[in-house]
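*Asks:* Reproduced below are the annotations present in TrEMBL:
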- 490: heme binding site (BINDING)
- 6-26: transmembrane segment (TRANSMEM)
- 38-55: transmembrane segment (TRANSMEM)
- 61-80: transmembrane segment (TRANSMEM)
Ligand code: HEM
């Protein structure tokens with residue numbers, strides 16, 4: 001009889017606990033309480049086990065396990081029922097699995113490592129508003145951009161951005177608090193101001209010269225254009241970010257730290273969807289090693305820079321991004337973890353984005369020889385002596401070059417996915433559709449850039465749509481957002497454009513381009529990996545000296 005009563009009480013208690021626990025956590029963001037929740041769970045398990053022993057109930061371990069199984073079952077059932085039928089997003093269309101679990105997004109991420117293309121397929125199937133996660137909506141509408149990312153938007157960064165740590169220990173990019181972000185952004189804005197940019201231009205110019213001379217020395221033999229784009233962008237960030245080159249353009253080889261970075265980016269690609277898992281990465285041996293390797297190296301770069309600043313008697317004039325940050329009062333009042341994370345941000349944000357854009361531009365120009373010949377013709381007119389005559393300030397006379405860069409970033413944005421934000425309590429309304437509060441929303445950049453409502457012939461590479469030749473092919477300019485917008489817009493758009501202009505103009509002046517034998521560009525279309533920024537496959541290209 002005592003066993004029967006106990007079984008009844010335990011069963012009742014388990015069902016009650018499962019339901020009560022679900023109700024208790026519903027209004028809260030529990031994403032980053034995984035550790036404390038697991039510890040609480042373990043403690044409850046042990047307490048019940050101990051109680052049953054003290055009460056001399058037979059088979060205490062079996063009873064405790066069954067009780068917790070019932071708690072788990074009730075909790076899961078309660079969560080599923082809520083997500084499917086009562087959740088504030090239950091009316092929005094989307095795949096069944098996306099409505100019940102975020103692991104569906106992880107599945108989409110690892111399927112081909114092209115999450116943005118999977119989201120695009122969902123939009124083709126379900127329309128402009130798609131429920132991509134239990135409390136997540138992807139919105140393929142230009143009106144959503146201002147509401148979600150505009151300077152006056154009430155939305156703010158979603159939990160993904162808290163993947164490494166709580167504010168203020170992450171980088172500027174990962175700062176979720178609005179006030180914190182605004183304060184931190186000031187030093188970054190100074191580091192990329194017009195006057196700072198003009199002080200960086202001679203470094204960009206000399207590294208571009210090195211790129212051109214290294215490619216010229218190959219005498220038309222095939223090289224991996226993706227790798228050379230990487231060497232170029234990372235070496236520039238070495239100089240502009242830290243005041244020292246990493247020597248990849250000189251050696252023609254990847255630096256060890258960059259290899260580690262790319263290894264860790266794959267893990268991030270998957271876990272970006274489930275940021276609460278990243279915090280527990282220490283428990284996954286391989287994953288932790290790759291992440292720590294690159295982080296450790298960034299920390300060393302930062303410490304070296306800090307030491308140099310002290311030793312060299314700083315003259316009050318910052319010469320690179322880290323000097324701007326390390327001499328900023330607010331930045332220096334932050335925990336060391338935040339500053340270390342900023343050094344990681346400089347490298348990742350400043351390198352993978354540029355190398356993907358440069359490699360994609362080369363790819364698109366080989367695929368569209370007419371466009372490339374037109375660019376060469378226009379540049380030859382401006383610089384009759386060829387590459388030796390090159391002068392960056394005269395490029396403003398060749399708007400077609402910016403057309404090529406814009407069109408590359410439209411068709412192949414370096415950050416292709418939706419940037420996740422949380423809606424304010426009162427929700428937001430997009431083109432008549434109300435999105436409730438406390439929901440994760442995003443606009444998929446890749447999809448909106450290819451939407452026929454905003455661009456005519458959206459899948460064609462037509463740089464003229466960005467010049468005075470065919471402006472009618474851009475139906476709604478607001479839909480072009482490769483650098484995002486609002487208060488979290490890319491801080492270094494000016495630098496990015498400078499690097500891309502210099503590299504592409506000088507490549508066009510110096511070389512004709514063709515794929516190596518057997519290269520079709522198929523890999524670039526099919527094997528690019530979405531790792532928040534893009535990780536590009538090999539692309540064999542011959543740079544044939546024009547002279
Ligand atoms: C073609 C080149 C580039 C593209 C397409 C690009 C794109 C973007 C996008 C879309 C964002 C918003 C990310 C988000 O909200 O989560 C962003 C932010 C950022 N980008 Fe870029 N970027 C480029 C180059 C660069 C370069 C060269 C740097 C130099 C370090 C840089 C530094 C940053 C930083 C620091 C942020 C964070 C800004 C903030 O949170 O306030 N980017 N970029």
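For all residues, glycine too, the Cβ spot is worked out from N, Cα and C.
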*Asks:* Cβ distance under 8 Å to the residue listed as 'heme binding site', same chain, sequence separation 6 or more: which residues?
*Replies:* 349, 483, 484, 496
*Asks:* Grab the same-chain neighbours of the transmembrane segment (61-80) for me: Cβ-Cβ under 8 Å, and only residues 6 or more beyond its ends, written as numbers and ranges.
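*Replies:* For the transmembrane segment (61-80), the far contacts come to 6-7, 10-11, 13-15, 17-19, 21-22, 45, 48-49, 52, 100.
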*Asks:* Going by DSSP, is residue 490 (heme binding site) part of a helix, a strand, or coil?
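*Replies:* DSSP call for residue 490 (heme binding site): coil, neither helix nor strand.
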